[in-house]
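Chemist: In case it's useful when we look at the structure, here is the feature table from TrEMBL:
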DOMAIN    128-233  domain 'CAAX prenyl protease 2/Lysostaphin resistance protein A-like'
TRANSMEM  7-33  transmembrane segment
TRANSMEM  53-73  transmembrane segment
TRANSMEM  89-114  transmembrane segment
TRANSMEM  120-138  transmembrane segment
TRANSMEM  159-185  transmembrane segment
TRANSMEM  191-214  transmembrane segment
TRANSMEM  235-261  transmembrane segment
Amino acid sequence: MKQNLRIYLIAAFGWTWFCWIGAYLISLTSGYSLLTGGTLFDLLALVPADKGWLPQLLFAVGVYGPLIGFLLVGRGEQKPISKPAAKRFAVLAVLLPLMIGIPTVVVNLILGYFNPGEATPGALLGLIGLYFISNFLTSGTEELGWRGFLFPYLRQKTAGFWLATWKGGIIWAVWHYPLMVILFLGQGPWVLLPTLVGFTAGIVAMNYITNFIYVKTQSLPLVMGFHALNNTVSFAIMLVFPGTPLLFLTSLTAWAVVAYLDKKQPLA
C-alpha cells in the first residue's frame, strides 16, 4: 500500500509540475502570455502554428496528474452507505458551492463591484456553462485521484477523518503551488507568500467538504461535479465582479460550512 502512495504522488506531482513549469518556461522564452484561466474550448481555437499552442497545450494537460496517478494505482477502499442518505447528500453537493458563493456575491454587490460590461445575461450564462463543462473534464478529473485513492488511503492509515483531511488538504494545496507561483510571482513575495498561506487554508476547507460528500455518497462523478461547480462559482464571481479583491470570502464561508458540518455530522 505504501508503494502505491509513492507511485500515486510521483505521478500526480511529476506530471503536473513538469507540464505547468514547462509551459511557463516555454511561454517566457517565446514571449507568449500564458492563459491560465481559459477553457478547453480556448485551446481548440489555437493551431500548432501558433506560438502559444505548445505552452497552452502543456498547461492544459498538466491538470491530469492525479488522474494518471489514479490509473496507475486504482481506487481505494469503499465503504457501504445508505442509498436514501446518499441522495440527500447529492443534493447538498449541488447546493453547497452556490451557498458558499452567496456571501461573496452580496458583499460585492453592496460595495459596487458589479460590472459585467456589455455582455448580455444570455452570453454570461453561456460562458459560465462552457466553463463548467470544461472544468468537469479537466479539474474535475482530479477527484479520481484525491478522493478515489488518496483520501481512502490516508483515512485507513491515520484512522481518522480529520487527520486524513488535513494531510490530504496540504498535499492537494502543494500540488497547486506551481500554478500559484505562475499567477502571483510577478507581484513579489509580499503578495505571493500570504496568497500561498490563504490558498492552502482554503484548500484544506474544501478538502474537508469534498471528503465529507464522498464519504456520504461514495460517488466519484458527484465529487467531480462538485469540484467543477465550485470552480465555476468562483469563475462566475470574477466574471461579473472583475477586479474584486474579495474572492477570499469564499474560503471564509467554506470554513463556516466545515464548522457546521463537523458539529452536525461529525465523522470519525
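In case you wondered, yes, glycine gets a Cβ from its N, Cα and C as well.
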Chemist: Which of 89-114, 191-214, 235-261 has the most Cβ pairs closer than 8 Å to the transmembrane segment (120-138)?
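Modeler: Per the Cβ count, the answer is 235-261.
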Chemist: Could you pull out which residues elsewhere in the chain have a CB under 8 Å from any CB of the transmembrane segment (235-261), counting only those six or more residues past its ends?
Modeler: 37, 96, 99-105, 107-108, 111, 113-117, 124, 127-128, 131, 135, 198, 201-202, 205-206, 208-209, 212
Chemist: Top stretch among 7-33, 53-73, 159-185, 191-214 for CB pairs under 8 A with the transmembrane segment (89-114)?
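Modeler: Per the Cβ count, the answer is 191-214.
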Chemist: The domain 'CAAX prenyl protease 2/Lysostaphin resistance protein A-like' (128-233): mean pLDDT?
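Modeler: A mean pLDDT of 96 is what the predicted model shows over the domain 'CAAX prenyl protease 2/Lysostaphin resistance protein A-like' (128-233).
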Chemist: Under 8 Å for C-beta pairs, could you tell me which stretch among 7-33, 53-73, 191-214 has the largest tally with the transmembrane segment (159-185)?
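Modeler: Answer, by Cβ pair count: 191-214.
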Chemist: As a quick check of your reading of DSSP, tell me how many residues in the domain 'CAAX prenyl protease 2/Lysostaphin resistance protein A-like' (128-233) are helical, how many are strand and how many are coil.
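Modeler: The composition, in the requested order, is 100 helix, 0 strand, 6 coil.
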